[in-house]
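Reading through the structure tokens given below for one structure.
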Amino acid sequence: MSEKRKHIPTAQGHKARKRFGQNFLHDHHVIDKIVRAINPKHSDALVEIGPGMGAITEPLLEACGKLDVVELDRDLIPILRTKFFNYPEFRIHEGDALKFDFNTILQPGQRLRIVGNLPYNISTPLIFHFLAHHKIVQDMHFMLQKEVVERLASGPGTSDYGRLGIMAQYYCKVEPLFIVGPGSFNPPPKVDSAIVRLRPYEELPYPAKDVKVLQRVVREAFSMRRKTLRNTLKNLISAEQLEAIGIDTTLRPERLTLQEYVRIADAVCDLGLLTDPGIDESFDEGADDLNADDQA
């Protein structure tokens, strides 16, 4: 760790804003651990979402010399420009990461490495925004609410298993790395955080014939997770049709694997049962409400 990062500023006259979900990381031990997990290289197309006061930004620049950051809070822009003025390949993009065209910062043959201490209130929409562009992403390292990481990584038969985990695991290998306590932030959040690595597959292990149909099937299944598949999917596919493809209709939705959900979605496609799956705002546009997910 460099001498200049032994005492990381947490305010510099800027007060964390609740409407942006800001909690500034200041624990240099955690910061160094995050950077080691990322292992940035100079050849990387590295982009940081919501750099805040630059706690992670600084060691990333020290490691690779270049970095693009996307920051929504306009008051932080001059602070970041001043702090990193001596890095000619430090580029700030003011705006909403959900609307930013990440293709503009890619060179031919490159894929993005995305880093971010994501605000809790928009973390799920951001994740699914990036998953929708998985073909241009090499990996993602995010600081998230611990509960979100648990849902991302959960498997069948667990209480955390649901739409979030199924669709994330459809696109990515999900690796929870370590937990970060509230005391590492200013102001401290009320819950634990965790670092997760999402690495999009080169080839999807269980590709669906139509991913929008898969999204619709998963959404319908978990709309009433305490009911059986016979009931939750009855508007999409009959119990007899489910049984014909080897699905036990007496199970609850959290008992099925990703592969089985893909099988159901493909059957819906093959049988022509859903001519227009519609746009699933929960995933395509990142409007998923984590707290509303899986409620009966």
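A Cβ is built for glycine as well, from the same backbone N, Cα and C atoms used for every other residue.
Remember, predicted model here, so these are calculated numbers, not experimental data.
Here's what TrEMBL has on this protein:
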BINDING   N23, L25, G50, E71, D96, N117  S-adenosyl-L-methionine binding site
DOMAIN    30-202  domain 'Ribosomal RNA adenine methylase transferase N-terminal'
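Taken residue by residue with DSSP, N23 (S-adenosyl-L-methionine binding site) is part of neither helix nor strand, so it is coil.
According to its DSSP assignment, D96 (S-adenosyl-L-methionine binding site) is coil. Highest Cβ count within 10 Å among the binding-site residues E71, D96: E71.
In the shown protein chains, 22 other C-beta atoms lie within 10 A of the C-beta of N23 (S-adenosyl-L-methionine binding site). Under a cutoff of 8 A between CB atoms, and with a sequence separation of 6+ in the same chain, the neighbours of N117 (S-adenosyl-L-methionine binding site) are N23, L25, G50, G52, I56, F142, M143.
Cβ contacts within 10 Å of G50 (S-adenosyl-L-methionine binding site), excluding its own Cβ and spanning all protein chains shown: 23. For the domain 'Ribosomal RNA adenine methylase transferase N-terminal' (30-202), the model gives a mean pLDDT of 94. Secondary structure from DSSP puts G50 (S-adenosyl-L-methionine binding site) in coil.
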